[in-house]
């Protein structure tokens, strides 16, 4: 880990994907610089901004002004906030706005929002005119460290989360750390679950650093930028090695198989559970299941749980408000998850902190038994 200095210097993470390479800029004041940064990289001078009703009042005017100053004409569509926006209905609304704005293939779609807006906007950018340029301006911690990087886009289906989508890499990611100051504590904590995930995958030193420095990350400044940059670099490394999720990129789904099932079980109701909270519970369950399978020490699961509890994240299914369906229904959601190949359950399990691996033949009977223990 880099030493923390008092001055929050901006950082750049480069994602080397050949002709589709791009930069992730991380630091304060980037929305004000967005127009100049986009104009220096893209030839088109038309943009469609896709945002939501929570983010638009805070940052849309500043983004439009920045684009105007750089000679980029823009039109915006404001969608409802929340996971349920990832639907065909709202996807078509977004696509219509891109076409209405006459954005050509050298123009761009700009996602101004959190993970939901980024996922939907990237999907729209990937299918309109068979692909237009795409810029991410993520406004949540979760989006800055996870969903804005890597090119996975999509919407939800009644069968599960993110099951319909395309790979469409952004041309630029502008992670303005100033916008994180407007997040609620719950939203920031939810994003932090994805930060911790990178340490648990294969960076034990980073996880230890987070255990020691998480309060500084929550406060802001240099520690926050360092945590975001380290997370983005970790994801970029995995994406470059396995862009289309044919192998090791699946490691990024640590905690997500259980987490997605819990999100589905709560009908994506953010009052009960948001994505990062599901991932938090899912990462603890993944470590506990690994211990049950004699792959890891129970002490590791307890260490993960202690840290996530310390930052205020839920770590147990019992902490989710309201009733959850029985283990068999959760198992059905797991089986529908996209991390299933040939009918075999694929989980990201662990041999210890920072020692995660892809297990592609997990017995369903063991999972059902485990879920019954955790959710009688």
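Every residue, even glycine, has its Cβ placed from backbone N, Cα and C.
Since this is a predicted model, take the numbers as computed values, not measurements.
So that you can see what the record holds, here are the features copied from Swiss-Prot:
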type: BINDING; residues: 115, 116, 117, 118, 119, 139, 140, 152, 161; note: NAD(+) binding site
type: BINDING; residues: 194, 256, 275; note: Zn(2+) binding site
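Fewest other C-beta atoms within 10 Å: among the binding-site residues 117, 119, 161, 194, 275, that description fits 161. It is 11 Å from the Cα atom of residue 161 (NAD(+) binding site) to that of residue 256 (Zn(2+) binding site). Of the candidate binding-site residues, 115, 117, 119, 140, the one lying closest to residue 275 (Zn(2+) binding site) when CA atoms are compared is 115. If you measure from the Cα atom of residue 256 (Zn(2+) binding site) to that of residue 119 (NAD(+) binding site), you get 16 Å. In this structure, residue 115 (NAD(+) binding site) is part of a helix by DSSP. Note: the Cα of residue 119 (NAD(+) binding site) and the Cα of residue 194 (Zn(2+) binding site) are spaced 16 Å from each other.
In sequence order, 113, 114, 115, 180, 183, 187, 191 constitute the residues six or more apart from residue 140 (NAD(+) binding site) in its chain with CB-CB distances below 8 Å. Residue 140 (NAD(+) binding site) falls within neither a helix nor a strand when secondary structure is assigned with DSSP, and so counts as coil. On a Cα basis, residue 117 (NAD(+) binding site) lies 17 Å away from residue 194 (Zn(2+) binding site).
Of the chain residues outside the Zn(2+) site list 194, 256, 275, 142, 146, 193, 197, 255, 259, 276, 278, 279, 282 have their Cβ within 8 Å of the site's Cβ mean position. When secondary structure is read from DSSP and collapsed to three states, residue 194 (Zn(2+) binding site) falls in the helix class.
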